[in-house]
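Here the structure is laid out as structure tokens; the discussion comes afterwards.
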Amino acid sequence: MALALDFCLLWCFTCLVLPVEPLDLLPSVTDDGISYPTHDIKHTLESTFNPGCLMTTCNRNGSVSVFNLTIVDDPVQAQEHHWVWSVIKHPTIQVALTPPGDRVRIDWGALFGFGDMASAIDYENAPDYSAAIMLANLIEFDDQTDNAFIHDEKPSVLVYPLLNFNWKRVMIENTTQRLAYGFIGQNYSSAGASHPHNITGTLNITLASYAQEGYGVWLPHLSHSEGTNQFDIQLQELKSTSGFQRSRFALEFYIVSQATREDKLRRVATRTLDDEHTPGIFKTQELIIPGYNESLQAFLQWRPVVYTTRERDLSGSTDVNVTNAIRVTNASDELATSILYAMYGMDLDDMLVFRINVTLGGPKDGFYKKTKYQAWTFTIGTGEPIRNGFSPMIILVMTIIFGILLLVGITAIVICIVKRVKRRQPQQNAYGRLQN
Amino acid sequence: MSPDDIETISDRAPLIPERTRTLSTHVPPGTAVEDDLGLTGCAGSCCCHPKSFCHRLTALILMCLLGFGSYFCFDNPGALQREVKDAMDISTYQFANLYAWYSWPNVILPVIGGYLMDSVLGIRLGTNIFAVFIILGQILFALGAFLLNYPLMQVGRFVFGIGGESLAVAQNTYAVSWFKGKELNMVFGFQLSIARLGSSVNFWVMGDIYAYFAQFFNDYTALGWTLLLAGSTCIMSFVCSLILGCMDKRAERLLHKTKTETGEVVRASDVLTFPPTFWLLSIVCLAYYVAIFPFISLGQVFFIKKYGFEAKSANFITGLIYLISAPASPVLGFLIDKTARNVSYVFISIVATLIGHAFLAFTMVNPYWPVVFMGVAYSLLASALWPIAALIIPEYQLGTAYGLMQAIQNMGLALITMLSGVIVDKMGYLWLETFFIFWLVIALIATILIWLIDFSGTGYLNMSVPQRDAYDEKLRQKAEQDARNAARRKAVMRPRTANELRNRYLCRIGAVLPPHLGHAGLVMGYPGDIIATSPPTTA
């Protein structure tokens, strides 16, 4: 009985576990046409800071930060990942898939207004595909109905452009496997803003790039690979002069992709079995940003959780809501002073450009004032979003548990059979042997 | 074995099924004197006569309600998990501590509770005191919420724990005092069902009550009022305890009943004599229940997070295990009464629970199915597991055995519930489910070992009822034979009296005993001698 049930359990377990595909086992084609399984490819991360900039502003602590990151593949692949992080005016990440050996070129003069800013950042060869995301504004709104949705009523919504923050740069890690920098936005100035309100506190943005697959260092420990970057934003001790009693914050992003204007963003919400890396969160949400095909496209991926304490645990968490994307029709005008214009110029009018709002918080969470801290993380990547299976640790533990059970079960059955056989054999006593 | 011979056992959720209670002959019930009481007027009416059906039915209702408050409030935190965590701003680990604090006093109480109740307080006073403890505990618990003072809430749960478990013992003891025979099984069945219903009702209504108060108050004040309102069930239990005490005192006076004891006095010396099977049984008890109760305690948020349930639905499915158990326990108890094979049923229960947990962990199937599965398995295990102790432990040691099992179980629950909270916070629900599966595998291995030991011996624990009856009969006959042999051996070894020596001499020479000795015609003999089977022909 024990053995039969053990086998049943093992069968169930095997059925449940086996369909889970391990990460990234698909072969990839290299520059020389030879296909390698992707886990045989070595990636290293090369980065340059403010490449080619000789201006004095480039050396100040954080006022101008442009990182150029290249994921170098060994052996060389048909396409190479390039990342540009910029915290000039607005924090921006651009990803470009280029032929191997390509390099980013930055026209610093044009970037600072001494010339045509259009395409001040470009590549020696045109990228096969490129996409970017820019954090444009911080929005504060008075959530009278406590449903965590922004209502477009002017008096209860205030927009704080991020270019009005002063940025400082802090290195967290800089190796060939991981580059992580913190960008700290403080001292907001309301000059030039549409309203006179001021805001104090810190906007802390951490950007990270990886050369290998794995999980992020901090909760929500999002999956990453050489094809993704991580964007983590923390709203710390923000306090405005708005006078809102039920204040919530939202983030306004612009998303740009080299795709036809008419394409649509696609929202995907998947429910996972595994909350190992993000305890208590079983959902993953994705925004698929169309490109030319499934490998030449981009995506945003996040877990629907905003942590409300620095410790980042489930008990100190709330919801996040990404609103429907709004198509930007006259992008080159709307983004004329932004870094996105420097990256794409007038091409913006022919590209897919969307605007999304990310509302931090959920109903009945006590609003921002409860903890005065909110942290949200997402990854931006190219190709298909990363989908996780069970971790090897879970599989190992379950195998050990059921292995021991199986062993005990088999041993018990063997002992049982031996004893039963012994009992069935006629008992031969000393007299019996004598008679024989 | 007469069903009148009862052992009373108390435990928190695995209320002992009726069969367990009929297996021991340790404690004699209070027996009524069968004389005419000569009561007249109201005192002798259908409602007041202590022997009348109505009067005893009233006592039964009071007994059932006596435990309702305790069971209702025990799982208050589970039904309000999200609300408690949000209002008090605590982690899952801190929340799980509320259950751990309930269990801590019950690591000791099963050891000394029986003695306290039997020798110090008495059943009536003891019941009242423990009912006051649960009221006090619940008030402190609510007060902690009002004052946003989490340590005070923990103190409340500790005090509540002192009363809750002991009240269950008192409830059983009252049942033994008032009912006997097959009535008693039915009474235990009722008590069990009402207890389960109390837990289920808690999961159904607490969320709505909180939502109602939350309209008027802030979150922690609403929580305080909700818990205070829940505490009214404890007051009801206390009132029942007072009325029942009065009724019991009157019945004792009129019927001259003997004093009823819990039979749960633990003797340390007994522990050394317990067989390995008992310790394995304790491991099964520990390992199984730590995969059930912490799951129920932490279930609400799990169902909300993983399956996207609303809080109300999450509470319903969490309480479903208890709800299924209410009708299933008596039915499955009856099944096991008729079929025995306890070890097999324990094995099946654990495997079924394991499958349920595995489905919750590794699939997204509708969680109602695994939970229903687990509810039935839980009921089956309670009916099959606890009687095993009565089969392997002598009756005079059963109080110690059950006390020890409860103490071990509560210690496990306290520790594992805390650890479960940590796991949820740090590693998530998948690891929590894996953790529960680990404990169920431990339970399964211990069950296999019990079966192996039993199989190597007589196989009694896993016999069917006819096999067990035949074995018992054989054992009885052998015991009788042994007793006869022992008596004979004793007779042989005794120095012979003068008369015996004379008779032996007469026997040797073939003489017949004289008739006046009352043995006319009987030729005397001893074991091994040829004995005459017919009277001699000579006068």
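A Cβ is built for glycine as well, from the same backbone N, Cα and C atoms used for every other residue.
Automatic prediction, not curation, is the source of TrEMBL annotations.
What TrEMBL says about this one:
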- B:59-458: domain 'Major facilitator superfamily (MFS) profile' (DOMAIN)
- B:57-74: transmembrane segment (TRANSMEM)
- B:95-117: transmembrane segment (TRANSMEM)
- B:129-148: transmembrane segment (TRANSMEM)
- B:187-205: transmembrane segment (TRANSMEM)
- B:225-247: transmembrane segment (TRANSMEM)
- B:277-296: transmembrane segment (TRANSMEM)
- B:316-336: transmembrane segment (TRANSMEM)
- B:343-362: transmembrane segment (TRANSMEM)
- B:368-392: transmembrane segment (TRANSMEM)
- B:404-424: transmembrane segment (TRANSMEM)
- B:430-453: transmembrane segment (TRANSMEM)
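Ranked by the number of CB pairs under 8 Å to the transmembrane segment (B:95-117), the listed stretches B:187-205, B:343-362, B:404-424 are led by B:404-424. Fewer than three CB pairs closer than 8 A are found between the transmembrane segment (B:277-296) and the transmembrane segment (B:57-74), and contact between the two stretches is not assigned (pairs 6 or more residues apart). Taking residue pairs at least 6 apart in sequence, the transmembrane segment (B:368-392) and the transmembrane segment (B:57-74) share fewer than three C-beta contacts under 8 angstroms. Within the chain, the transmembrane segment (B:404-424) has long-range Cβ neighbours (under 8 A, six or more residues past its boundaries) at 9-12, 91-97, 99-101, 103-104, 106-108, 110-111, 165, 266, 271, 274, 281-282, 285-287, 289-290, 293-294, 297-298, 301, 389, 431-432, 435, 439.
Highest Cβ contact count with the transmembrane segment (B:430-453) among the listed stretches B:129-148, B:187-205, B:316-336, B:343-362, B:368-392 falls to B:343-362 (criterion: pairs under 8 Å). On the 0 to 100 pLDDT scale, the model's mean across the domain 'Major facilitator superfamily (MFS) profile' (B:59-458) is 90. Residues 66, 69-70, 73, 76, 84, 87-88, 121, 154-164, 166-167, 170, 220-221, 223-225, 227-228, 230-231, 234-235, 237-238, 240-241 of the same chain, all 6+ positions outside the transmembrane segment (B:129-148), place their C-beta atoms under 8 angstroms from a C-beta of that stretch.
Residues 13, 15-18, 21, 60, 63-65, 67-76, 78-79, 168, 171-172, 175, 178-179, 230, 233, 315-316, 318-320, 322-323, 325-327, 329-330, 333 of the same chain, all 6+ positions outside the transmembrane segment (B:187-205), place their C-beta atoms under 8 angstroms from a C-beta of that stretch.
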